[in-house]
Amino acid sequence: MAARAESTVLAGARVVLPTGIVENGRVSVEGGRITEAGPAASSVGDTTGSSGATAPGTLDLTGHWVVPGFVDMHNHGGGGASFTSGGADDVLKGVRTHQEHGTTTLVASTVTGEMDFLAQRAGFLSELVEQGDLAGIHFEGPFISPCRKGAHSEALLRDPDPAEVRKLLDAARGTARMVTLATELPGGIDSVRLLVEHGVIAAIGHTDATYEQTVEAIDAGATVATHLFNAMPPLGHRAPGPIAALLEDERITVELINDGTHLHPAALELAFHRAGAGRVAFITDAMDAAGFGDGVYQLGPLEVEVKDGVARLAVGGSIAGSTLTLDTAFRRAATIDRLPVTDIVRAISANPAKLLGVDDRVGSLEAGKDADLVILDADFAIAGVLRKGEWVVEPQPGR
Ligand SMILES: [Zn+2]
């Protein structure tokens with residue numbers, strides 16, 4: 001189905017490289033890899049294979065941006081499908097939906113469920129990781145605080161017992177990349193240490209921790225703040241809570257959901273500027289309705305109503321994930337938050353790729369890396385998506 005871009009040259013676009021923006025840049029792709037990314041005037045001809053100006057597949061992208069494919073490390077579903085409950089076809093449909101919106105690397109997130117169910121689910125998802133459709137598994141819950149449960153089923157929450165954390169890691173057969181937990185609960189700090197020992201990201205979230213308790217968890221090895229601001233005590237001037245601890249510490253990367261619902265633009269700006277562009281990861285926290293539409297959905301055992309793109313629990317009205325896709329997060333960041341495009345690219349591609357340990361393959365436009373890239377038009381709308389050298393969204397000439 002996908003057209004393979006055997007030997008494609010993308011020419012004339014503004015290309016975002018790790019070193020900055022190149023006007024009239026050039027990206028060459030061959031056999032699923034990037035062979036060249038730089039200014040148009042750089043040396044060519046040694047790797048592009050065919051001869052010169054009439055090489056097949058040269059695309060004139062004047063007026064467009066070429067940026068690295070997006071990396072989403074926190075995503076529960078899309079296209080009408082849930083990563084917690086759908087079958088293989090459903091999960092792949094959700095993955096495909098997000099790919100069409102520019103996400104070429106995606107970690108599937110589960111929501112709180114029975115331990116046996118989650119273990120079984122981890123085994124199932126691990127096969128999709130091994131096939132290369134997913135970049136790993138993120139367990140969000142059940143080891144979270146009932147005080148900050150959000151859209152997680154309270155009856156199924158439990159304290160973070162390291163033996164149980166271990167059970168999920170084993171079930172995921174080396175594909176678990178992140179576990180979100182409330183580190184202030186009994187067993188929380190020991191569980192952080194266990195995750196670090198196994199090379200899995202310990203993410204602080206759905207937490208009721210104090211500032212001091214959060215510092216203790218960071219010292220134990222936690223490195224990510226799960227959707228900063230959401231599902232944690234608000235910033236207070238006498239009791240600054242987790243937000244201040246997470247923002248100030250150089251060891252922490254903060255996840256931000258830039259959909260305009262989860263965060264006020266001023267909160268996003270505060271976080272972005274305090275942490276700096278090197279310590280922010282844009283995520284979707286998307287649920288089934290992302291890229292699909294309004295309606296009634298299931299999030300684990302709970303019913304969710306999506307109206308005007310905002311997902312809320314049918315009972316209680318708590319925000320229940322987002323319907324965000326990362327192209328929208330990018331466009332908001334560029335047009336509403338007015339962040340520099342180079343900073344957005346760090347937050348949406350490079351930083352999460354590094355955290356996940358896949359930055360040798362993805363996260364930036366550099367020779368030798370996977371041909372994962374997004375073409376955006378001048379208004380930051382998707383004009384093309386290339387994943388491992390295959391067009392997910394093929395650019396239309398003359399647009
Ligand atoms: Zn989530």
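Backbone N, Cα and C atoms are what each Cβ position is placed from, and that goes for glycine too.
Feature annotations, reproduced from TrEMBL:
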ACT_SITE  Asp285  active site, proton donor/acceptor
BINDING   Glu140, His206, His227  Zn(2+) binding site
BINDING   Ala151, Asn230, Ala231, Arg238, His262, Ile319, Ala320, Gly321  substrate binding site
COMPBIAS  40-56  compositional bias 'Low complexity'
DOMAIN    65-392  domain 'Amidohydrolase-related'
REGION    36-56  region 'Disordered'
Whole-number Å value for how far Arg238 (substrate binding site) lies from Glu140 (Zn(2+) binding site) (Cα to Cα)
29
So if I take the binding-site residues (Glu140, His206, Arg238, Ala320) and measure from each Cβ to the nearest atom of ligand 1, which come out below 6 Å?
Glu140
In the predicted model, what is the mean pLDDT computed over the domain 'Amidohydrolase-related' (65-392)?
96
Rounded Cα distance in angstrom between Ala231 (substrate binding site) and His206 (Zn(2+) binding site) is 5
Here the Cα-Cα span from Asn230 (substrate binding site) to the residue listed as 'active site, proton donor/acceptor', rounded to a whole number of angstrom, reaches 11
So for His262 (substrate binding site), how many other CB atoms are inside 10 Å of its CB?
22
Ala320 (substrate binding site): nearby recorded positions from His206, His227, Asp285, Cα cut-off 10 Å:
Asp285
For the binding-site residues His206, His227, Arg238, which one has its C-beta crowded by the most other C-beta atoms within 10 angstroms?
His206
DSSP three-state assignment for Ala151 (substrate binding site)
coil
Integer Å distance between the CA atoms belonging to His206 (Zn(2+) binding site) and Arg238 (substrate binding site):
21
List the other residues in this chain whose Cβ sits within 8 Å of the Cβ centroid of the Zn(2+) site residues Glu140, His206, His227, in sequence order.
His74, Gly141, Ile144, Gly150, Thr180, Ala203, Gly205, Thr226, Asn230, Ala231, Asp285
Sequence-ordered binding-site residues within 10 Å (Cα) of Asp285 (active site, proton donor/acceptor), taken from Ala151, His206, Ile319, Gly321, are Gly321
Given the binding-site residues Ala151, His262, Ile319, which lie within 10 A of His227 (Zn(2+) binding site) by CA-CA distance?
His262
